[in-house]
Amino acid sequence: MASPRLETYCCPNRDAATQLVMNFQPEVFCGVCIGSASISLLLTILQLLPKKGQSPRKMPKASSSSTILLLISICDILGGLGMIFRSSVWLGFPGFIANISVVNGTDVWPSTFCVGSAMWIQLLYSAGFWWLFCYAVDSYLVVRRSAGLSTIVLYHMMTWGLAVMLCVEGIALLYYPSLSSCENGLEHAIPHYITTYAPLLLVLVANPILFRRTVSAVASLLKGRQGIYTENERRLGTEIQMRFFKIMLVFVICWSSNIINETLLFYLEMQPDINEMSLKNIRSAALITWIIMGVLNPMQGFLFTLAFYGWTGWRVDLKWRKREIPWESMSSSTAGENTFPSPVNYQSNIHDSKKISTTDSQQTDEAISMLSEGNTSSDERLTRSSPIYQGW
């Protein structure tokens, strides 16, 4: 799982709270991490592969939302691979890991592995947090018609730049001036924990606000498309709202245990003796949430694909097929079905106003389709209610 305690454990003079959780049934904990990460990894890849009998996911060209969703899944997959590798080495080479606790040891490889694997896991999950924040921003900008594939470059710069900067800064402050002297005071640990949990807390606070404003903007778009708010459009708006709710629900389920665990461990660190009988319940709660983290953190990848696309099924189709742009097929099909002779005596301003209305309606449909990607019923209802489909 992803916890700043992984980097703290690399310090030979680690604090008592970190020693408590890292030494609690390490074989069982590593086995839980390997099992959860492996299941999530396999199911996530299965979810992303194309399926037989299903059309490719429909997505307009001018959207970066599908790219962001894919990058979130990639970060989860790579983070899960890091967990599997780290836990496998931990289980397979206990003597190698034991050298981490040796102060002034001559073998630097155990410490290098400890720091490198912990940074890999932390960096990938931190980048996933930033991408999730970018998804909320992009959803809002899409509805406001201010986003497109050009904005993905800015998202890459912000996500990878901030993730690398915060990770390196936190590690540098934790291990300054050397690995053997880290964790000598809170001035080393606190900046590291802040840089680790800053993107997580940002998603918890900012994403619900952005999602709420996006849902309100979607309702305004649907009402303004034809001047009425039909039952189909109401259901479409509800499904988009439910999709955002599922995303935040998965995030809270997977990471709330980290916040609870860190709060308990910090409380234990502030006590003169964490082994006192009066602190038994707190120690037990910290150990329970520690195991829960090993289960839930790696499962984020698979649960996110369920929130993004729903269950896509087991039947995998590995044949390459061209991605269909729904607006191209819709325009070509409706052109043959709804061809009428142009009125001769229409005034030019009436013709221009109808053209602008059709263009705005098509842009609205594209924006809504971006937010409801992966939902087949939403795409079908959107097509049926589209003015283009109705021959406007």
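We number each residue from 1, going along the chain as drawn.
Cβ atoms here come from the backbone N, Cα and C positions, even for glycine.
What TrEMBL says about a protein is an automatic prediction, not a curated fact.
Note that this is a predicted model, so its numbers are computed, not measured.
Marked as transmembrane segment by TrEMBL: 28-46 (among others). Sequence-distant contacts of the transmembrane segment (28-46) (same chain, six or more residues past either end, CB-CB distance under 8 Å): 1, 73, 76-77, 80-81, 83-84, 87-88, 90-91, 290-291, 294-302, 305, 312, 314, 316.
With a cut-off of 8 Å between Cβ atoms, the residues of this chain six or more beyond the transmembrane segment (67-85) that come close are 1-2, 33-34, 37-38, 40-41, 44-45, 48, 117, 120-121, 124-125, 127-128, 131-132, 134-135, 138, 149, 152, 155, 159, 297-298, 300-301, 304-305, 308, 373. Here TrEMBL flags 67-85 (among others) as transmembrane segment.
Note on the transmembrane segment (119-141): residues 1-2, 4, 6-7, 64-65, 68-69, 71-72, 75-76, 78-79, 82-83, 86, 147, 151, 155, 158-160, 162-164, 166-167, 171, 196, 199-200, 202-203, 206-207, 210-211, 213-214, 217, 244, 247, 251, 297, 300, 370-371 of its chain, located 6 or more positions outside it, place their CB under 8 angstroms from a CB of the stretch. Annotated transmembrane segment per TrEMBL: 119-141 (among others), in sequence order.
Per TrEMBL, the feature transmembrane segment maps to 153-178 (among others).
Note on the transmembrane segment (190-211): residues 4, 7-8, 122, 126, 129-130, 132-133, 136-137, 139-140, 162-163, 166-167, 169-171, 173-174, 244, 247-248, 251-252, 255, 258-259, 262 of its chain, located 6 or more positions outside it, place their CB under 8 angstroms from a CB of the stretch. Annotation source TrEMBL lists transmembrane segment at 190-211 (among others).
Taken from TrEMBL, the feature transmembrane segment covers 244-267 (among others).
Residues or ranges marked as transmembrane segment in TrEMBL: 287-311 (among others).
Positions annotated as region 'Disordered' by TrEMBL: 371-392.
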